[in-house]
Amino acid sequence: MTPRIVVTGTDTDIGKTVFSAGLAGFLQASYWKPVQAGLDGGTDSSRVAALSGLPPQRILPERFRLNTPASPHLAAQIDGVRIELDALDVPQIAGSLVIEGAGGLMVPLNSDTLYIDVFARWNLPVVLCARTALGTINHALLSVEALRRRGIPICGIAFIGDDHRDSEDIICAIGQVRRLGRLPRLDPLDRHTLQAAFKTSFNREDFTS
């Protein structure tokens, strides 16, 4: 099976891009970030390229490259463009594909469209990345509830951070969702340490079945 997987998070800056890089390398998949907001200092696609070890042709070009590091709806407004759903159809490519969203599920793309609306349209399995720090239970369960209300399939939750197994277990029990594993904070962080962590912490079959 050649999976197409959406990676989203309970919040911004939780390690979603690092996870996406690790997953793309783990599955030898292509990577696509539909909307990049903020171009100074490098993009998420360039970071994934460095951390995944994938060849350049596996890093698909963004549909929207916006200059301002802000919510996509605002970054697009500043650039004088509007993000439309029809422009965000999933690329038809051979092989597996990892798609990374921006921020969380309720991030607006324009005045009447949220990222979760796009995910519902795609109807692809979602990996929800959640931090392990204090507050994650509420954020994770709200995100699971939002996905379920839209009928979006959930592949499972990938936790990122230090080991807080009680929080992870209660989220998965109450949310009735699969625990995919936990990606620890890595120092140093490079493609070798990231792939080693994925091989230790995750099972490939959980993403392909």
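Yeah, the Cβs are placed from backbone N, Cα and C, and that goes for glycine too.
Among the candidates Glu84, Glu100, Glu145, the residue that Swiss-Prot annotates alongside Thr17, Arg47 as binding Mg(2+) is Glu100. In sequence order, Val6, Val7, Thr8, Lys16, Thr17, Ser20, Tyr31, Trp32, Lys33, Asp44, Val48 are the residues of the chain that are 6 or more apart from Glu100 (ATP binding site) and have a CB within less than 8 Å of its CB. Here the Cα atom of Ala102 (ATP binding site) is found 14 Å from that of Arg47 (Mg(2+) binding site). Every protein chain considered, the tally of other Cβ atoms within 10 Å of the Cβ of Leu186 (ATP binding site) stands at 16. Excluding Thr17, Arg47, Glu100 themselves, the residues of that chain whose CB lies within 8 A of the CB mean position for the Mg(2+) site are, in sequence, Lys16, Val18, Ser20, Ala21, Tyr31, Lys33, Asp44, Ser45, Val48.
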